[in-house]
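In what follows, a single structure is set out as structure tokens and then discussed.
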Amino acid sequence: MTEDTPLYSSRIFEIYFDYLRVAHPNVNLQEILEHAGMTTAEVADTAHWFTQHQADRFYEIVAEKTGDEAIARNAGRFSASSAGLAQINQYVIGLLNTETAMLAIAKYFPMFTRGATVESRRLGPGKVEIISTPKPDVAEKPYQCENRLGTIEALPKLFTNQHGRIEHPECYHKGDGACRYIVSWETPPSQAVRLVRNYTLLGSLLVAPLTYFLTGTGFFLPLLVALIVINGGLGIAYAHLKMREMEKIIEVGSVSAEARIRSAHVSYDNSLLVQEIGRATAAIFDTEALMRQLAALMEQRLAFDRGLIMLANDKGTELVYAAGYGYSEIERNYLRQAAFQLDKPDSKGFFVRSFLDRRHLTITDANKMADALSPRSREMVKKFNVRSLLCIPILYKERPLGILAVDNVATKTPLKKSDINLLEGIASQIAISISNARSFQKLQESESRYRQTLESIQEGFFEIDPDFKIILSNHAFGELAGRSQETLIGSDFRELFGATVSRQLEGLIAQMRDTGEPVRFAHLELRGDRKVPLPVDLSASLMVDTNGHPLGYRGFLRDATDRLKMESERKELENRLLHAQKMESIGTLAGGIAHNFNNWLAGILGNITLVRMEAQHPDKLVERAMKIEQIVANAAKMNRQLLSYARGGNYEVKPTSLNALIQESSELFGATRKEIEVHLDLAPDVGAVRVDRNQIEQVFWNMYVNAIDAMPDGGGLTIRTRKATPAQLRGRPFMVTPGDHAVVAFSDSGSGIAPEHLDNIFEPFFTTKKGKGTGLGLASCYGIVKAHKGFIDVRSSKGVGTTFEIYLPCFDEAAESQPLQEDPVCKGKGTILLVDDEPMVLETSTQLLQGLGYDVVNAASGDEALARFADRAATIDLAIIDMIMPGMSGGELFVRLKSLNPAMKTLLCSGYSMNDTAREIMDKGCDGFLQKPFALSKLSETIQEILHAG
């Protein structure tokens, strides 16, 4: 066997507890259980057994707490008392007499212990020998022998009302092989009478026949009557004495039963009180109503005449009456008006001291303790006729909230430790209920403030669960959704949006769930019960519990109508300002542009003159025509670049070669400003950048304009490109996009920028050009580069020059390239309606189309085109329309022609690049677009593509 082997029945320890409740009521039983490693449920379970180790620790703490060295023997003796009889009488009370019970001890002892074997034998009248032998490997202790002694000597008392006499000649704990006990007891009177009766009856049975044979019937009959009377009398005496002895045993049992019943009733009432207090705590959240209910429950269940609950006020300066029972109305009013000061540390008031000292106080006899009380407490004791009183502080997490007091007036029941334990438990329940009620009240107040705050804001607030069900919303949200708050609660949040937007919303929710990051100002369209969708901005975040598990989502919806309108107006204003800035740049370059166009026009004019002069030499005419064509191509190229820059063209972000952009723009700049010498140092590995070509060209042209202003008398402009790695960019005071960057640096040899101006040059409307300039150039450059997730750096030395470095994130894919190809001219057949308000263009284009083999019907306006179309509608295969015309525009003409013949094929032409108007026409079904001027090969190719398209 080991220390962990179960050896001792819980019945043994239940006897100990019964004894402690009677003999040592102040001992804390819970503390004993914790020290021994036991629980209340285990002790109450008759099928539970404890180990030697637990038994040893139990005895150790019990002996220490009681200070009783004979506690083991006294507990054993207690088992035969009226209070302790319950644990043993069920085994021995049914036996006939003491001797029978003592001899049966070997049978019922195993029900209490498995650690020893017990034998018993009769030594003589009123004497029995009992031997207890510990089993091998059981480390039985001396206190267990003492407990056995007490139990054995208590058994005779069940039958004789007196303890037995016990001798202990041999003891296992003194080195003997076993513990040997010799028990003797006083023979009860009934047993002596019974013995006399038995001997008398035996003598009578012998004497009567002998007398009959010796004397005859004369003497026999009187003798027989006398013997009958004597034996009958002895029998009656024995029965009477036996009955009295049994009555005493039953009386002892009944007292024990009554005590047990009373204890059961008290335990039941106490348990029911705790349960009812728990129910009241869970159901009532108003402190005053809760205190009244608790007082009513205590009156119903507690065995005290009166009870009182007093609580500290909000400031913690006074104890005030909260509820009570058992008091008259006059007494109750007195308590309501009384104020017990808590801000006087030296107070001797009974209630105040219990509150401040955080411990229970008792008055067992008010008359004897009057001198120890404060004058006010003595007055209350006398006024309320208090006999005994118990005051328990109501503590919540060691913080006093009030006091609970009970007292008796009519009864003289003594206060017991069990009463204190019970009331401390009730006070603890009251403390929890008060805290819960106050927390609930604060929660309600907080919820009310929360609701008022939600209803006061103009944004629509919502909370949804993980399944998108709306669990909370404010009035503004209902107005946005076009529904009442009642119908919104419990509905699906996604139903407020269209199918496409719902998928977008689900993506945002999944993003929050997966990352935990909130969503800020996501643009959606809210439908609800609206006929027209409402643009809204959604901001939301994830709600989680204390373990981080998702509970749902909360957020705001804001009407985005005004924002979108303001953004549109701001965008329009920005576009106007940027256009003004572009015009400023073009104005700066206008002299050079005019110079180049004059040179080209001179070249055209000169070659035309030479054509006339060499009309007699046809072989030289072709050469002159090719030169004119080249000059026109150069002029058209410059014109397209200027139009793209000035009007913005078609903004489109796509992979673009940075070096190619620099070469094209610098070539044009160099042609316009020959007094500035441009040097290119382009790194071949710089690669592509993902940009809007027109916007980045605007940045480059601003750099050229700044160079012109910095070098009015001419100078040098060096343009370099290179690739910068993340390691090279580390430590920059910018939010740098991860990855490699393409860098283009513009370095001039101009006057430089004053140090005091360097911090301001990118601010809108900041300029040092007195009388000229808008101050938007560098500001627009900064905005464009930042929009492309890049940044600009600047270095400058006064009188030496300035370098602007533009950093743009590299793009891994190759830049789109459109190599120029000289396609052959494609001839064809059919009738073309040609519409252009410019006579020279109309005439030249007619001859070109006729040269390609087409029959041409030309018109100089929209009205004339409609008239010509009416005459030859059946034969016209294609209409080529100029977009910009006085009167009826190309777009209007396109619509009119399509209405007359939906199958009509059309080609739109314009001197501008494709803008929003042109794109709108294309979206309506126009088959193609050409920007003037265009080569004959491009024209012929486009016509063929349109005519032969399905």
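Even glycines carry a Cβ here, placed using N, Cα and C.
Here's what TrEMBL has on this protein:
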- 446-497: domain 'PAS' (DOMAIN)
- 592-812: domain 'Histidine kinase' (DOMAIN)
- 831-947: domain 'Response regulatory' (DOMAIN)
- Asp882: 4-aspartylphosphate (MOD_RES)
- 220-241: transmembrane segment (TRANSMEM)
Long-range neighbours of the transmembrane segment (220-241), counting only residues six or more past its ends (CB under 8 A): 188-190, 193-194, 196-197, 200-201, 204, 207-208, 211-212
Using DSSP and collapsing to three states, where does Asp882 (4-aspartylphosphate) fall: helix, strand or coil? strand
If you average per-residue pLDDT over the domain 'Response regulatory' (831-947), what number do you get? 88
Summary of DSSP states over the domain 'Response regulatory' (831-947), given as helix, strand and coil counts: 55 helix, 24 strand, 38 coil
The domain 'PAS' (446-497), counted residue by residue under DSSP: helix, strand, coil: 26 helix, 12 strand, 14 coil
